[in-house]
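> Got a structure for you, questions after.
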Amino acid sequence: MRVRRRKGAKEHLENNPRYVILKPEEVKGHWQEVFGNDHPIHIEVGSGKGRFITGMAAKNPQINYIGIDIQVSVLSHALDKVLDSQLPNVKLMLADGSSLMHYFADGEIDLLYLNFSDPWPKKRHEKRRLTYKSFLDTYKKILPEKGEIHFKTDNRELFEYSLASFSQYGMILEQVWLDLHASDYENNVMTEYEEKFSQKGQVIYRVEARF
């Protein structure tokens, strides 16, 4: 989804190295040192404007979080939320989901979130979907044995595609929600898009899948 370009976004990121990891390839294998503790590390690929990642970090101070996005303007909005919250357990980085193995060592990440990823509905764009096999190959490397992906979307076609992709890869579908907001799931933290879509009456789908 295209986002309006934000003036000064790049400089905003560069001026806040406490929260934005500008050269993540240089800290590969040393993320615990970045956070200054040995707490588990969870990442969100496609973190958008940061509502989810900051919400999770506030609820779970015993876990470290990294929000990852490929769009400079979007990540700059996430940085605003991080600066407002002053949370010590959240970092941000500008990166593509297909390159994560360059920034994280094998098994360095404990859990991975995918929230409202671009569905790339056209067949010729299938390889761009964040639940395509090549992405799963990458996620498997940086997650531990039996590591988990928590995936959430409002797009039924992408959800069904992702369930099939996970299953064909040999992953276990631990829990599946066909209408998250109508369920008794208590630990949900909404993204900006999730609130917008749910207010329009759209169903939200969620799955927890394990390698």
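Cβ atoms here come from the backbone N, Cα and C positions, even for glycine.
Copied straight from Swiss-Prot:
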type	residues	note
ACT_SITE	ASP118	active site
BINDING	GLU44, ASP69, ASP96, ASP118	S-adenosyl-L-methionine binding site
BINDING	LYS122, ASP154, THR191, GLU192, TYR193, GLU194	substrate binding site
REGION	124-129	region 'Interaction with RNA'
> Could you say which of the binding-site residues GLU44, ASP96, ASP154, GLU192 has its Cβ with the most other Cβ atoms inside 10 Å?
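Selected residue: GLU44.
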> List, by number or range, the same-chain residues at least 6 past the region 'Interaction with RNA' (124-129) whose CB is under 8 A from its CB atoms?
117-118, 135, 158, 161-162, 165
> Return only the integer: C-alpha distance in Å from GLU44 (S-adenosyl-L-methionine binding site) to THR191 (substrate binding site).
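About 11 Å separate the Cα atoms of these two residues.
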> Whose Cβ lies within 8 Å of the mean position of the Cβ atoms of GLU44, ASP69, ASP96, ASP118, the S-adenosyl-L-methionine site, other than those residues?
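The surrounding set, listed in chain order, is VAL45, GLY46, SER47, GLY48, ILE68, ILE70, GLN71, GLY97, SER117, LEU130.
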> Is it possible to get the count of other C-beta atoms within 10 angstroms of the C-beta of ASP118 (active site)?
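Other Cβ atoms found within 10 Å: 13.
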> To the nearest Å, how far is the Cα of THR191 (substrate binding site) from the Cα of ASP69 (S-adenosyl-L-methionine binding site)?
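Just about 14 Å between their Cα atoms.
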> Please name the residue among the binding-site residues ASP69, GLU194 whose C-beta has the most neighbouring C-beta atoms within 10 angstroms.
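Answer by Cβ density within 10 Å: ASP69.
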> Just name the most isolated of the binding-site residues THR191, TYR193, going by other Cβ atoms within 10 Å of its Cβ.
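Counting other Cβ atoms within 10 Å of each of the binding-site residues THR191, TYR193 gives the minimum at TYR193.
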> Just the number: how many Å between the Cα atoms of GLU192 (substrate binding site) and ASP96 (S-adenosyl-L-methionine binding site)?
21
> Max Cα-Cα distance in Å among GLU44, ASP69, ASP96, ASP118, the residues listed as binding S-adenosyl-L-methionine?
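About 14 Å separates the two most distant Cα atoms.
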> What's the CA to CA span in angstrom from LYS122 (substrate binding site) over to ASP96 (S-adenosyl-L-methionine binding site)?
20
